[in-house]
Amino acid sequence: MAVCPYGAAAVVMALLSAAIAFHCSPLLAVLQRALSLHTAHATKDMDNLFQLVRNIVPALTSKKHKGQDGRIGIVGGCQEYTGAPYFAGISALKVGADLTHVFCAREAAPVIKSYSPELIVHPVLDSSDAVEEVEKWLPRLHALVVGPGLGRDDLLLNNVRGILESTKARDIPVVIDADGLWLIAQRPALVHGYQKAVLTPNHVEFSRLWDAVLSSPMDTSNHSGSVLKLSQALGNITIVQKGEQDLISNGQQVLVCNQEGSSRRCGGQGDLLSGSLGVMAHWALRAGPEKTNGSSPLLVAAWGACTLTRECNHLAFQKYGRSTTTTDMIAEVGAAFSKLFTT
């Protein structure tokens, strides 16, 4: 299933209509019908995607025990960057995860703990035995989000490399963002072909990844083709290219998320996306392709997380305008999720 924006088609149709309306009304009627069919098809695709996301969302029931709907690990947080792992972790909880663990550097731990008593914080990421310490928890985790607030310290990056290897060995889904993507650009083999990996680069990070794995120059006029090609070059792993429209590909198809957001871009909203995607990836893989109508579960999860993040941005901007921050966006997760995915 591929969803493409149709705003450009409408503009083209308007210009063509103006040019030919006086001379050739039958042709105009044909073109207008073509646009109508295109619009109807795109709308149907969007409706289908919303339904597929709803299909993976677990029902709330008193028969479950704590932890069944998601135990998510966040790997990141250093002396300079403590907000990002908090944003990712609290977003996972707000979306519906039951527990969130944050594995961070020792100096970051007291700060992150002070932000919220709801996060379980492990000050181990800069220790000599960090990989072993995180490995102890991997059997209890459903997904990992790697990169928020990580920084580029060599010790931290080397420890994260070992954690990623252990995560793959246990077949745990992993979302990689921020400086986790810096590490991948240095060592693409860490994720090459790992079908439970999702990368979430912005424009700069995407370009860095492209240069790391592809020798040909990027076609800047064909964004969908570029994200498709980068995914293929990395062994058909799922990639979310964040931008004016979010483009999501697994090397076989491209989904476009153009849910209305706002013109406000504040630091941290990518962490909301990665945390949301961590729990949605777990839900989607647990539900399986039968719940996603044969579509890739990770594609559906990624589209859902992108749509949710944009709706949070939209709702917060309506209230706060230019002063909108990621904290304001996170406060809208409940309302946005209910509006989009609750029937």
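Note: Cβ is positioned from N, Cα and C throughout, glycine not excepted.
Annotated domain 'YjeF C-terminal' per Swiss-Prot: 49-340, in sequence order, evidence recorded as sequence analysis.
With a cut-off of 8 Å between CB atoms and residues at least 6 apart in sequence, the same chain places nothing near LYS63 (N6-acetyllysine). Sequence annotations record features per position, and here Swiss-Prot assigns N6-acetyllysine to LYS63 based on similarity to another entry.
The local packing around TYR81 (phosphotyrosine), expressed as other Cβ atoms within 10 Å of its Cβ over all shown chains, amounts to 19. Sequence annotations record features per position, and here Swiss-Prot assigns phosphotyrosine to TYR81.
DSSP gives GLU205 ((6S)-NADPHX binding site) a helix state. Within 10 Å of the Cβ of GLU205 ((6S)-NADPHX binding site) there are 24 other Cβ atoms, across all protein chains. The (6S)-NADPHX binding site annotation in Swiss-Prot covers GLY149, ASN202, HIS203, VAL204, GLU205, PHE206, SER207, ARG208, ASP271.
Less than 8 angstroms from the CB of GLU244 (ATP binding site) sits no same-chain residue that is six or more residues away. Residues or ranges marked as ATP binding site by Swiss-Prot on the basis of sequence analysis: 242-246, 261-270.
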Pick the one among the binding-site residues LYS242, ASP271 whose Cβ has the fewest other Cβ atoms within 10 Å in this structure.
LYS242
Taking just the CA atoms, what is the gap between GLY268 (ATP binding site) and GLY149 ((6S)-NADPHX binding site) in Å?
10
Among the recorded positions listed here (TYR81, HIS203, GLU205, ASP271), which has the Cα closest to the Cα of ASP246 (ATP binding site)?
HIS203
If I take the Cα of ARG264 (ATP binding site) as reference, which of the recorded positions TYR81, GLU205, SER207, ASP271 has the closest Cα?
ASP271
